[in-house]
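**Q** Quick one: this structure, given as structure tokens, is what I'll be asking you about.
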Amino acid sequence: MWTQRNAVGNWLLVLTAVIGFLTFIWIPQTSAECQTRSIYCYECDSWTDARCKDPFHYTALPRDQPPLMTCNGCCVKMVRHQRSRYEVVRRMCTSQLQINLFMVDHVCMMESSGNGHMCFCEEDMCNSSKNLHTNGCQLHLIPIAVAVSWLMGQLLSR
């Protein structure tokens, strides 16, 4: 028999499927964009070039900024010993790293000690940012997915 509870449960299943499909389609495209088009990334190390330190002066004249390089990957910003007098900032392209990771735009990885991090981004000169933020689209999907999962759990436990 068709009840209101069945209708709500079916609606939630459809919503979950749509969110899952959009997430499945969107995330691989984000990674693929990073690897298939050239962008410009800053190339510097604050140990040898004070212009690389945070706060980064992205409004300075190009001659007063660290060099840019063409990148066939993602821009990277690495920080070691953050918020200390020994802080070191390095900005580069992923093609210079000897790691093989599935990279998604605006993802940051923290050092286990909590004293540093490495962030990836896919736009021209994006590794000039002091704080790279998680992509807004992903942030909107997470609460929706959690809410749908909770509601489904409530309905199925009855």
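Using the three backbone atoms N, Cα and C, a Cβ is placed for every residue, glycine included.
For 1-32, the entry in Swiss-Prot reads signal peptide. Taken from Swiss-Prot, the feature disulfide bond applies to C41-C75, C44-C52, C71-C93, C108-C119, C121-C126. What Swiss-Prot lists as region 'Loop 2' is 77-91. According to Swiss-Prot, the feature GPI-anchor amidated asparagine maps to N127, an assignment based on similarity to another entry. For 136-156, the entry in Swiss-Prot reads transmembrane segment.
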**Q** Distance check, please: Cα of C126 (disulfide bond) against Cα of C119 (disulfide bond), rounded to an integer number of angstrom.
**A** 10
**Q** In whole Å, how far is C41 (disulfide bond) from C71 (disulfide bond) when you measure between their Cα atoms?
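**A** Distance between the two Cα atoms comes out at 6 Å.
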**Q** Where does C52 (disulfide bond) sit in the DSSP three-state scheme?
**A** helix
**Q** Are there any residues at least 6 positions away along the chain from C75 (disulfide bond) with a Cβ closer than 8 Å to its Cβ? List them or say none.
**A** I39, C41, Y42, R91, M92, C93, T94, F120, C121, E122, E123, M125, C126, N127
**Q** Given a separation of at least six residues and a C-beta threshold under 8 Å, show me what packs close to C44 (disulfide bond) in the same chain.
**A** R51, C52, P66, P67, V89, R90, R91
**Q** Between the disulfide-bonded residues C52, C108, C119, C121, C126, whose Cβ has more other Cβ atoms within 10 Å than any of the rest?
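**A** That would be C121, with the highest Cβ count within 10 Å.
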**Q** Select the most exposed residue of C41, C71, C93, where exposure means the fewest other Cβ atoms within 10 Å, treating these as the disulfide-bonded residues.
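**A** Per-residue Cβ counts within 10 Å for the disulfide-bonded residues C41, C71, C93 bottom out at C93.
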